[in-house]
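Here you go, one structure.
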Amino acid sequence: MSNYAIILAAGKGTRMKSDLPKVMHKVSGITMLEHVFRSVQAIEPSKIVTVIGHKAELVRDVLGDKSEFVMQTEQLGTGHAVMMAEEELATSKGHTLVIAGDTPLITGESLKNLIDFHVNHKNVATILTADAANPFGYGRIIRNSDDEVTKIVEQKDANDFEQQVKEINTGTYVFDNQSLFEALKDINTNNAQGEYYLTDVIGIFKEAGKKVGAYKLRDFDESLGVNDRVALATAEKVMRHRIARQHMVNGVTVVNPDSAYIDIDVEIGEESVIEPNVTLKGQTKIGKGTLLTNGSYLVDAQVGNDVTITNSMVEESIISDGVTVGPYAHIRPGTSLAKGVHIGNFVEVKGSQIGENTKAGHLTYIGNAEVGCDVNFGAGTITVNYDGQNKFKTEIGSNVFIGSNSTLIAPLEIGDNALTAAGSTITDNVPIDSIAIGRGRQVNKEGYANKKPHHPSQK
(Lines of atoms letter the chains of each structure in order from A and count residues from 1; the text may use other names and numbers.)
(Lines give C-alpha, C1' and ligand atoms only; values in the text may rest on other atoms or scores of the structure.)
Protein backbone atom coordinates (compact mmCIF):
# COMPACT_ATOMS: atom_id res chain seq x y z
CA MET A 1 0.00 0.00 0.00
CA SER A 2 1.00 3.60 -0.55
CA ASN A 3 2.09 6.02 2.13
CA TYR A 4 0.86 9.61 2.31
CA ALA A 5 1.71 12.55 4.54
CA ILE A 6 -0.19 15.57 5.84
CA ILE A 7 1.97 18.37 7.23
CA LEU A 8 0.11 20.87 9.43
CA ALA A 9 1.54 24.32 8.71
CA ALA A 10 -1.40 26.73 8.91
CA GLY A 11 -0.85 28.21 12.36
CA LYS A 12 0.30 31.74 13.08
CA GLY A 13 2.30 30.91 16.19
CA THR A 14 1.16 33.82 18.37
CA ARG A 15 3.63 33.00 21.13
CA MET A 16 6.53 33.49 18.72
CA LYS A 17 5.59 37.20 18.60
CA SER A 18 6.64 37.35 14.97
CA ASP A 19 5.32 38.44 11.59
CA LEU A 20 6.59 35.15 10.17
CA PRO A 21 4.41 32.03 10.27
CA LYS A 22 5.75 29.77 13.00
CA VAL A 23 6.94 27.03 10.65
CA MET A 24 9.04 29.58 8.74
CA HIS A 25 11.41 30.18 11.63
CA LYS A 26 14.78 28.59 11.01
CA VAL A 27 16.72 25.95 12.90
CA SER A 28 20.31 25.37 11.78
CA GLY A 29 19.90 27.20 8.51
CA ILE A 30 16.57 25.95 7.16
CA THR A 31 12.96 26.47 8.20
CA MET A 32 11.26 24.12 10.63
CA LEU A 33 8.92 23.15 7.80
CA GLU A 34 11.87 22.07 5.65
CA HIS A 35 13.24 19.95 8.48
CA VAL A 36 9.91 18.16 8.78
CA PHE A 37 9.57 17.79 5.02
CA ARG A 38 13.01 16.19 4.75
CA SER A 39 12.25 13.72 7.53
CA VAL A 40 8.93 12.80 5.91
CA GLN A 41 10.82 11.67 2.79
CA ALA A 42 11.97 8.61 4.77
CA ILE A 43 8.51 7.02 4.43
CA GLU A 44 8.59 7.50 0.63
CA PRO A 45 5.16 9.14 0.42
CA SER A 46 3.22 8.96 -2.82
CA LYS A 47 1.75 12.36 -2.01
CA ILE A 48 2.44 15.08 0.56
CA VAL A 49 -0.32 17.53 1.43
CA THR A 50 0.66 20.64 3.38
CA VAL A 51 -2.12 22.49 5.19
CA ILE A 52 -1.46 26.24 5.02
CA GLY A 53 -3.27 29.29 6.33
CA HIS A 54 -1.50 32.27 7.89
CA LYS A 55 0.63 33.99 5.22
CA ALA A 56 0.07 30.99 3.00
CA GLU A 57 2.19 32.19 0.09
CA LEU A 58 5.32 32.42 2.22
CA VAL A 59 4.83 28.84 3.33
CA ARG A 60 3.97 27.65 -0.17
CA ASP A 61 7.16 29.18 -1.57
CA VAL A 62 9.33 27.11 0.76
CA LEU A 63 8.18 23.76 -0.64
CA GLY A 64 7.15 24.85 -4.12
CA ASP A 65 6.00 21.99 -6.31
CA LYS A 66 7.27 19.30 -3.92
CA SER A 67 3.94 19.29 -2.07
CA GLU A 68 0.24 19.71 -2.67
CA PHE A 69 -1.35 22.52 -0.64
CA VAL A 70 -4.75 23.01 0.95
CA MET A 71 -6.03 26.10 2.79
CA GLN A 72 -7.30 26.25 6.35
CA THR A 73 -8.81 29.73 6.52
CA GLU A 74 -10.03 29.33 10.12
CA GLN A 75 -7.87 27.81 12.85
CA LEU A 76 -10.38 25.40 14.39
CA GLY A 77 -8.02 22.72 15.66
CA THR A 78 -5.88 19.87 14.39
CA GLY A 79 -8.88 17.75 13.39
CA HIS A 80 -10.22 20.59 11.30
CA ALA A 81 -6.81 21.05 9.67
CA VAL A 82 -6.70 17.41 8.58
CA MET A 83 -10.27 17.70 7.24
CA MET A 84 -8.92 20.25 4.74
CA ALA A 85 -6.95 17.46 3.03
CA GLU A 86 -10.07 15.37 2.40
CA GLU A 87 -10.39 16.28 -1.27
CA GLU A 88 -6.75 15.34 -1.92
CA LEU A 89 -6.64 12.06 0.01
CA ALA A 90 -10.00 10.74 1.25
CA THR A 91 -10.50 8.09 -1.44
CA SER A 92 -6.90 6.85 -1.46
CA LYS A 93 -5.99 3.50 0.03
CA GLY A 94 -2.93 3.35 2.24
CA HIS A 95 -1.36 4.80 5.37
CA THR A 96 -1.29 8.51 6.16
CA LEU A 97 1.25 10.20 8.38
CA VAL A 98 -0.03 13.35 10.11
CA ILE A 99 2.70 15.58 11.50
CA ALA A 100 3.01 19.17 12.68
CA GLY A 101 5.31 21.49 10.77
CA ASP A 102 6.83 22.85 13.98
CA THR A 103 8.62 19.63 15.02
CA PRO A 104 12.07 20.11 13.45
CA LEU A 105 13.88 17.50 15.55
CA ILE A 106 11.89 14.47 14.42
CA THR A 107 14.11 12.17 12.37
CA GLY A 108 13.35 10.26 9.23
CA GLU A 109 14.45 7.08 10.98
CA SER A 110 11.81 7.52 13.68
CA LEU A 111 9.07 8.17 11.11
CA LYS A 112 10.10 5.09 9.15
CA ASN A 113 10.00 3.03 12.36
CA LEU A 114 6.56 4.46 13.14
CA ILE A 115 5.18 3.43 9.75
CA ASP A 116 6.73 -0.04 10.02
CA PHE A 117 5.27 -0.52 13.51
CA HIS A 118 1.85 0.59 12.28
CA VAL A 119 1.88 -1.81 9.33
CA ASN A 120 3.36 -4.77 11.21
CA HIS A 121 0.79 -4.48 14.02
CA LYS A 122 -2.08 -3.98 11.57
CA ASN A 123 -3.31 -0.91 13.44
CA VAL A 124 -5.97 1.45 12.18
CA ALA A 125 -4.13 4.22 14.02
CA THR A 126 -0.71 4.48 15.62
CA ILE A 127 0.33 7.34 17.89
CA LEU A 128 3.93 8.49 18.18
CA THR A 129 4.56 8.92 21.91
CA ALA A 130 7.40 9.77 24.28
CA ASP A 131 8.09 9.73 28.00
CA ALA A 132 8.36 13.27 29.37
CA ALA A 133 10.04 14.20 32.65
CA ASN A 134 7.59 17.10 32.86
CA PRO A 135 4.46 16.28 30.84
CA PHE A 136 2.62 19.52 31.63
CA GLY A 137 0.92 20.94 28.55
CA TYR A 138 0.97 17.70 26.57
CA GLY A 139 -1.85 15.33 25.77
CA ARG A 140 -1.55 12.15 27.87
CA ILE A 141 -1.62 8.58 26.55
CA ILE A 142 -4.09 6.59 28.63
CA ARG A 143 -3.67 2.81 28.62
CA ASN A 144 -5.72 -0.02 30.16
CA SER A 145 -4.46 -2.86 32.35
CA ASP A 146 -3.36 -4.75 29.23
CA ASP A 147 -1.17 -1.77 28.21
CA GLU A 148 -3.44 -1.01 25.28
CA VAL A 149 -4.07 2.61 24.32
CA THR A 150 -7.61 3.60 25.21
CA LYS A 151 -7.57 7.35 24.58
CA ILE A 152 -5.60 10.58 24.47
CA VAL A 153 -6.54 13.27 26.97
CA GLU A 154 -5.54 16.90 26.43
CA GLN A 155 -4.02 18.81 29.35
CA LYS A 156 -7.07 21.02 29.90
CA ASP A 157 -9.41 18.02 29.88
CA ALA A 158 -7.28 15.68 32.03
CA ASN A 159 -8.32 14.73 35.58
CA ASP A 160 -5.84 14.53 38.46
CA PHE A 161 -4.92 10.90 37.78
CA GLU A 162 -4.47 11.46 34.04
CA GLN A 163 -2.24 14.48 34.66
CA GLN A 164 0.26 12.22 36.47
CA VAL A 165 0.82 10.12 33.34
CA LYS A 166 4.32 10.65 31.85
CA GLU A 167 3.68 9.19 28.40
CA ILE A 168 2.71 12.03 26.11
CA ASN A 169 1.27 12.45 22.66
CA THR A 170 3.85 14.00 20.32
CA GLY A 171 1.18 15.11 17.85
CA THR A 172 2.40 12.75 15.14
CA TYR A 173 0.24 9.84 13.95
CA VAL A 174 -0.20 7.22 11.27
CA PHE A 175 -3.73 6.26 10.20
CA ASP A 176 -5.40 3.96 7.78
CA ASN A 177 -6.22 6.72 5.33
CA GLN A 178 -9.86 5.95 4.51
CA SER A 179 -10.68 5.16 8.15
CA LEU A 180 -9.22 8.51 9.17
CA PHE A 181 -11.49 10.57 6.95
CA GLU A 182 -14.55 8.52 7.91
CA ALA A 183 -13.85 9.11 11.61
CA LEU A 184 -13.29 12.84 11.10
CA LYS A 185 -16.96 13.14 10.14
CA ASP A 186 -17.93 12.21 13.71
CA ILE A 187 -15.74 14.54 15.78
CA ASN A 188 -17.11 17.72 17.38
CA THR A 189 -16.06 20.76 19.42
CA ASN A 190 -17.41 19.63 22.81
CA ASN A 191 -14.18 20.21 24.73
CA ALA A 192 -12.41 22.89 26.78
CA GLN A 193 -10.88 24.51 23.71
CA GLY A 194 -13.98 24.46 21.54
CA GLU A 195 -11.94 22.92 18.71
CA TYR A 196 -11.95 19.83 16.53
CA TYR A 197 -9.36 17.58 18.17
CA LEU A 198 -7.66 15.10 15.87
CA THR A 199 -7.14 13.00 18.99
CA ASP A 200 -10.89 12.37 19.19
CA VAL A 201 -10.64 9.96 16.28
CA ILE A 202 -8.69 7.62 18.58
CA GLY A 203 -11.72 7.33 20.86
CA ILE A 204 -13.96 6.76 17.85
CA PHE A 205 -11.74 3.91 16.67
CA LYS A 206 -11.66 2.36 20.14
CA GLU A 207 -15.44 2.49 20.46
CA ALA A 208 -15.70 0.75 17.10
CA GLY A 209 -13.38 -2.00 18.33
CA LYS A 210 -10.59 -1.08 15.95
CA LYS A 211 -6.95 -1.56 16.85
CA VAL A 212 -5.01 1.49 18.03
CA GLY A 213 -1.32 1.31 18.95
CA ALA A 214 1.49 3.56 20.12
CA TYR A 215 5.13 3.67 19.10
CA LYS A 216 7.38 5.29 21.70
CA LEU A 217 10.36 7.45 20.72
CA ARG A 218 13.72 6.50 22.19
CA ASP A 219 14.79 10.17 22.36
CA PHE A 220 12.34 12.63 23.91
CA ASP A 221 14.08 15.55 22.16
CA GLU A 222 12.58 14.44 18.85
CA SER A 223 9.11 15.20 20.17
CA LEU A 224 9.80 18.90 20.74
CA GLY A 225 7.15 21.16 19.25
CA VAL A 226 8.32 24.75 18.93
CA ASN A 227 5.75 27.25 20.18
CA ASP A 228 7.96 30.15 21.33
CA ARG A 229 11.49 31.52 21.05
CA VAL A 230 12.63 29.57 24.10
CA ALA A 231 11.70 26.28 22.45
CA LEU A 232 13.25 27.52 19.20
CA ALA A 233 16.57 28.01 21.00
CA THR A 234 16.26 24.54 22.53
CA ALA A 235 15.68 23.02 19.09
CA GLU A 236 18.68 24.92 17.74
CA LYS A 237 20.92 23.60 20.52
CA VAL A 238 19.83 19.99 20.04
CA MET A 239 20.19 20.20 16.27
CA ARG A 240 23.59 21.88 16.56
CA HIS A 241 24.92 19.03 18.70
CA ARG A 242 23.40 16.48 16.34
CA ILE A 243 25.11 18.09 13.34
CA ALA A 244 28.48 18.45 15.08
CA ARG A 245 28.38 14.83 16.20
CA GLN A 246 27.76 13.61 12.66
CA HIS A 247 30.73 15.61 11.37
CA MET A 248 32.93 14.17 14.12
CA VAL A 249 31.81 10.65 13.21
CA ASN A 250 32.80 11.50 9.63
CA GLY A 251 36.36 12.41 10.64
CA VAL A 252 36.16 16.13 11.42
CA THR A 253 37.57 17.55 14.65
CA VAL A 254 35.05 19.86 16.29
CA VAL A 255 36.98 21.17 19.28
CA ASN A 256 33.94 22.38 21.22
CA PRO A 257 30.54 21.29 19.89
CA ASP A 258 28.84 23.62 22.37
CA SER A 259 30.19 26.66 20.54
CA ALA A 260 30.25 25.44 16.92
CA TYR A 261 27.38 26.76 14.81
CA ILE A 262 27.16 24.55 11.73
CA ASP A 263 24.10 24.70 9.51
CA ILE A 264 22.55 21.44 8.41
CA ASP A 265 23.59 21.65 4.73
CA VAL A 266 27.26 22.43 5.43
CA GLU A 267 29.78 19.86 4.16
CA ILE A 268 33.19 19.34 5.80
CA GLY A 269 35.99 17.05 4.64
CA GLU A 270 37.99 14.62 6.76
CA GLU A 271 40.85 15.84 8.95
CA SER A 272 39.52 19.39 9.01
CA VAL A 273 39.53 21.16 12.37
CA ILE A 274 36.76 23.45 13.58
CA GLU A 275 37.89 25.52 16.56
CA PRO A 276 35.50 27.10 19.11
CA ASN A 277 33.14 29.91 18.10
CA VAL A 278 33.22 29.08 14.40
CA THR A 279 30.04 29.68 12.38
CA LEU A 280 29.39 27.86 9.09
CA LYS A 281 26.17 28.85 7.37
CA GLY A 282 24.11 28.10 4.29
CA GLN A 283 25.65 25.93 1.58
CA THR A 284 29.23 26.23 2.82
CA LYS A 285 31.54 23.40 1.74
CA ILE A 286 34.91 22.77 3.39
CA GLY A 287 37.57 20.47 1.93
CA LYS A 288 39.95 18.09 3.67
CA GLY A 289 42.64 19.11 6.14
CA THR A 290 41.37 22.66 6.53
CA LEU A 291 41.72 24.66 9.75
CA LEU A 292 39.10 27.21 10.78
CA THR A 293 40.25 29.04 13.88
CA ASN A 294 38.33 30.68 16.68
CA GLY A 295 35.83 33.29 15.50
CA SER A 296 35.78 32.48 11.79
CA TYR A 297 32.42 33.08 10.07
CA LEU A 298 31.64 31.55 6.67
CA VAL A 299 28.45 31.96 4.64
CA ASP A 300 27.87 30.02 1.40
CA ALA A 301 31.64 29.67 0.99
CA GLN A 302 33.41 27.03 -1.10
CA VAL A 303 36.70 26.19 0.61
CA GLY A 304 39.30 23.76 -0.71
CA ASN A 305 41.78 21.41 0.93
CA ASP A 306 44.54 22.42 3.37
CA VAL A 307 43.22 25.94 3.80
CA THR A 308 43.77 27.98 6.95
CA ILE A 309 41.22 30.66 7.84
CA THR A 310 42.12 32.56 10.98
CA ASN A 311 39.40 34.55 12.73
CA SER A 312 38.01 35.92 9.46
CA MET A 313 34.77 36.28 7.51
CA VAL A 314 34.17 34.66 4.11
CA GLU A 315 30.93 35.28 2.20
CA GLU A 316 29.80 33.65 -1.06
CA SER A 317 33.35 33.17 -2.29
CA ILE A 318 35.65 30.42 -3.56
CA ILE A 319 38.82 29.63 -1.60
CA SER A 320 41.14 27.20 -3.41
CA ASP A 321 43.59 24.67 -1.99
CA GLY A 322 46.43 25.88 0.21
CA VAL A 323 45.11 29.40 0.73
CA THR A 324 45.68 31.24 4.01
CA VAL A 325 43.26 33.93 5.15
CA GLY A 326 43.51 36.20 8.17
CA PRO A 327 43.56 37.04 10.91
CA TYR A 328 40.82 39.65 10.70
CA ALA A 329 40.32 39.46 6.94
CA HIS A 330 37.01 39.90 5.13
CA ILE A 331 36.41 38.01 1.89
CA ARG A 332 33.23 39.46 0.43
CA PRO A 333 30.81 38.00 -2.15
CA GLY A 334 32.00 37.20 -5.65
CA THR A 335 35.65 36.64 -4.76
CA SER A 336 37.80 33.77 -5.97
CA LEU A 337 41.21 33.04 -4.43
CA ALA A 338 43.40 30.65 -6.45
CA LYS A 339 45.85 28.13 -5.01
CA GLY A 340 48.46 29.39 -2.59
CA VAL A 341 47.03 32.89 -2.17
CA HIS A 342 47.73 34.65 1.12
CA ILE A 343 45.27 37.24 2.40
CA GLY A 344 46.58 38.62 5.67
CA ASN A 345 45.38 40.70 8.59
CA PHE A 346 42.94 43.54 7.99
CA VAL A 347 42.66 42.84 4.27
CA GLU A 348 39.29 43.11 2.50
CA VAL A 349 38.66 41.54 -0.90
CA LYS A 350 35.38 42.04 -2.76
CA GLY A 351 34.19 40.75 -6.12
CA SER A 352 37.72 39.98 -7.26
CA GLN A 353 39.61 37.11 -8.85
CA ILE A 354 43.07 36.63 -7.35
CA GLY A 355 45.65 34.45 -9.14
CA GLU A 356 47.89 31.74 -7.70
CA ASN A 357 50.45 32.61 -5.02
CA THR A 358 49.44 36.27 -4.87
CA LYS A 359 49.90 37.90 -1.48
CA ALA A 360 48.20 40.80 0.27
CA GLY A 361 49.67 40.66 3.73
CA HIS A 362 48.06 43.52 5.58
CA LEU A 363 45.86 46.60 5.55
CA THR A 364 44.70 46.35 1.94
CA TYR A 365 41.43 46.76 0.04
CA ILE A 366 41.00 44.93 -3.27
CA GLY A 367 37.64 45.52 -4.93
CA ASN A 368 36.32 44.65 -8.40
CA ALA A 369 39.76 43.53 -9.49
CA GLU A 370 41.26 40.82 -11.65
CA VAL A 371 44.73 39.95 -10.39
CA GLY A 372 47.27 37.58 -11.91
CA CYS A 373 49.70 35.17 -10.28
CA ASP A 374 52.62 35.97 -7.98
CA VAL A 375 51.51 39.53 -7.28
CA ASN A 376 52.56 41.24 -4.05
CA PHE A 377 50.42 43.97 -2.52
CA GLY A 378 52.31 46.21 -0.10
CA ALA A 379 50.65 47.33 3.11
CA GLY A 380 48.05 50.05 2.72
CA THR A 381 47.20 49.39 -0.94
CA ILE A 382 43.75 50.56 -2.01
CA THR A 383 41.89 49.90 -5.25
CA VAL A 384 39.65 52.94 -5.74
CA ASN A 385 36.76 51.31 -7.57
CA TYR A 386 33.72 53.49 -6.84
CA ASP A 387 33.00 57.07 -7.87
CA GLY A 388 29.74 57.36 -5.95
CA GLN A 389 27.61 56.02 -8.79
CA ASN A 390 29.50 53.31 -10.68
CA LYS A 391 32.01 50.55 -9.95
CA PHE A 392 35.15 50.28 -12.08
CA LYS A 393 37.56 47.41 -12.63
CA THR A 394 41.26 47.15 -11.85
CA GLU A 395 43.26 44.63 -13.92
CA ILE A 396 46.68 43.59 -12.66
CA GLY A 397 48.91 41.16 -14.54
CA SER A 398 51.23 38.52 -13.12
CA ASN A 399 54.48 39.00 -11.21
CA VAL A 400 53.53 42.57 -10.31
CA PHE A 401 54.82 44.38 -7.22
CA ILE A 402 52.48 46.97 -5.74
CA GLY A 403 54.40 49.26 -3.38
CA SER A 404 53.08 50.04 0.07
CA ASN A 405 50.42 52.73 0.37
CA SER A 406 49.66 52.68 -3.36
CA THR A 407 46.29 54.04 -4.45
CA LEU A 408 45.07 52.42 -7.67
CA ILE A 409 42.31 54.49 -9.26
CA ALA A 410 40.09 52.41 -11.53
CA PRO A 411 39.49 51.82 -14.35
CA LEU A 412 43.13 50.79 -14.50
CA GLU A 413 45.40 48.19 -16.10
CA ILE A 414 48.82 47.23 -14.78
CA GLY A 415 50.88 44.97 -17.04
CA ASP A 416 52.94 41.90 -16.20
CA ASN A 417 56.19 42.38 -14.26
CA ALA A 418 55.39 46.02 -13.51
CA LEU A 419 55.74 47.72 -10.15
CA THR A 420 54.41 50.81 -8.46
CA ALA A 421 56.49 52.93 -6.14
CA ALA A 422 55.44 53.13 -2.51
CA GLY A 423 53.08 55.99 -1.76
CA SER A 424 51.98 56.40 -5.38
CA THR A 425 48.56 57.38 -6.67
CA ILE A 426 48.23 55.53 -9.97
CA THR A 427 45.68 57.00 -12.38
CA ASP A 428 47.02 55.83 -15.77
CA ASN A 429 47.63 52.36 -17.16
CA VAL A 430 51.08 50.90 -16.41
CA PRO A 431 52.76 49.03 -19.30
CA ILE A 432 54.47 45.66 -19.01
CA ASP A 433 57.91 45.72 -17.31
CA SER A 434 57.43 49.34 -16.16
CA ILE A 435 57.69 51.18 -12.87
CA ALA A 436 55.02 53.75 -12.08
CA ILE A 437 55.74 56.62 -9.71
CA GLY A 438 52.81 58.84 -8.86
CA ARG A 439 53.81 60.99 -5.90
CA GLY A 440 55.16 64.45 -5.16
CA ARG A 441 58.94 64.89 -5.05
CA GLN A 442 60.34 65.22 -1.53
CA VAL A 443 61.71 68.68 -0.61
CA ASN A 444 63.87 69.22 2.50
CA LYS A 445 64.02 72.80 3.90
CA GLU A 446 67.04 72.92 6.19
CA GLY A 447 66.62 74.79 9.47
CA TYR A 448 62.91 75.38 8.91
CA ALA A 449 61.93 73.22 11.88
CA ASN A 450 63.75 75.58 14.25
CA LYS A 451 60.81 77.98 14.00
CA LYS A 452 58.17 75.42 15.00
CA PRO A 453 56.79 75.18 18.57
CA HIS A 454 57.91 71.56 18.99
CA HIS A 455 61.60 72.44 18.56
CA PRO A 456 63.69 72.59 21.78
CA SER A 457 64.83 76.11 20.90
CA GLN A 458 61.24 77.36 21.15
CA LYS A 459 60.57 75.95 24.63
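Backbone N, Cα and C atoms are what each Cβ position is placed from, and that goes for glycine too.
So Swiss-Prot lists these for the protein:
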type     : residues                                                                                  : note
ACT_SITE : His362                                                                                    : active site, proton acceptor
BINDING  : 8-11, Lys22, Gln72, 77-78, Gly139, Glu154, Asn169, Asn227, Arg332, Lys350, Tyr365, Asn376 : UDP-N-acetyl-alpha-D-glucosamine binding site
BINDING  : Asp102, Asn227                                                                            : Mg(2+) binding site
BINDING  : Ala379, Asn385, Tyr386, Ser404, Ala422, Arg439                                            : acetyl-CoA binding site
REGION   : 230-250                                                                                   : region 'Linker'
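Can you tell me where each of these features sits in this structure?
Close to His362 (active site, proton acceptor) in the fold, though at least 6 residues off in sequence, lie Gly344, Asn345, Phe346, Val347, Ala379, each with a CB less than 8 Å from its CB.
The number of other CB atoms found within 10 A of the CB of Arg332 (UDP-N-acetyl-alpha-D-glucosamine binding site), across every protein chain shown, is 17.
In the shown protein chains, 16 other C-beta atoms lie within 10 A of the C-beta of Asn227 (Mg(2+) binding site).
The DSSP secondary structure for Ala379 (acetyl-CoA binding site) is coil. The number of other CB atoms found within 10 A of the CB of Ala379 (acetyl-CoA binding site), across every protein chain shown, is 18.
The list of residues near the region 'Linker' (230-250) in space but at least 6 beyond its ends in sequence, with Cβ under 8 angstroms from a Cβ of it, reads 16, 25, 27-28, 32, 35, 104-105, 221, 224, 257-258, 260-264, 266, 268, 270, 274.
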On a count of neighbouring CB atoms within 10 A, which of the binding-site residues Asn169, Ser404 is highest?
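Of Asn169, Ser404, the one with the most crowded Cβ is Asn169.
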If you measure Tyr365 (UDP-N-acetyl-alpha-D-glucosamine binding site) to Ser404 (acetyl-CoA binding site) at Cα, how many Å is it?
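Each residue's Cα considered, Tyr365 (UDP-N-acetyl-alpha-D-glucosamine binding site) and Ser404 (acetyl-CoA binding site) end up 12 Å apart.
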Given Ser404 (acetyl-CoA binding site) and Asn227 (Mg(2+) binding site), what distance in Å do their CA atoms have, once rounded to a whole number?
56
Say you check the Cα of Asn385 (acetyl-CoA binding site) against those of the binding-site residues Leu8, Ala10, Gly139; which is nearest?
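Nearest listed residue in space: Ala10.
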What subset of the binding-site residues Leu8, Lys22, Gly77, Asn169, Arg332, Arg439 lies within 10 angstroms of Asn227 (Mg(2+) binding site) at the C-alpha level?
Lys22
